[in-house]
Amino acid sequence: MKYLVAGLGNVGQKYENSRHNIGFMILDALAKASSVVFTDKCYGAIASLKLKNKCLFLLKPSTYMNLSGNAIRYWLQKENIYSENLLILVDDLSLPFGSLRLKTKGSDGGHNGLKNIQYTLRTKYYNRLRFGIGNNFPSGCQINYVLDNFTKEEKKHLSERIEKAIEIVYSFCLSGSEITMNLFNK
């Protein structure tokens, strides 16, 4: 069985360590732990790995956040992957820093990457792992906040939370969304 795990983020060194790029960070850590390397392909950087009898395609779209749906649709079609085997890794302002929540459907929550995915796939029924980045910013400064790097205090806990996100990805692919939500959404 095939899975597409897509991390949302923006390409370029300028954004590499920003809160908005947590999806890319999780995929980079997952690729490193699995000893696989990303290759630049159509619509993004892609890596693949075997997890027991599953084939995981890891995608970092090169379309920038607001057009992520194009890359995701392309790779779903190219690899003939069912949408229920799609998992989006995304930052979430409404969750405290480091909180992790798996959802099988829902609104875009104001996230432009999710908006584009829902528009492009024509559905809100797809899996997403929401990584809390908090909302510790003054009114009107949301864009600066998500594009800023994590604070020193947040960085102390970042690798541990990324490791937990990887556990959730593995569980999703091996056990499915319901079991994974029951195990990790606490």
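Here the Cβ of each residue, glycine as well, is placed from N, Cα and C on the backbone.
Of the residues proposed, N80, N85, N112, the one Swiss-Prot records at the same tRNA site as Y15, Y64, N66 is N112. Comparing local CB density within 10 A for the recorded positions N10, Y15, N112, the maximum falls on N10. The Cβ of H20 (active site, proton acceptor) has 22 neighbouring Cβ atoms from other residues within 10 Å, across all protein chains displayed. Compute the center of the Cβ atoms of Y15, Y64, N66, N112, which mark the site for tRNA; besides them, the chain residues with Cβ within 8 Å of that center are N10, H20, M65, L67, S68, G113.
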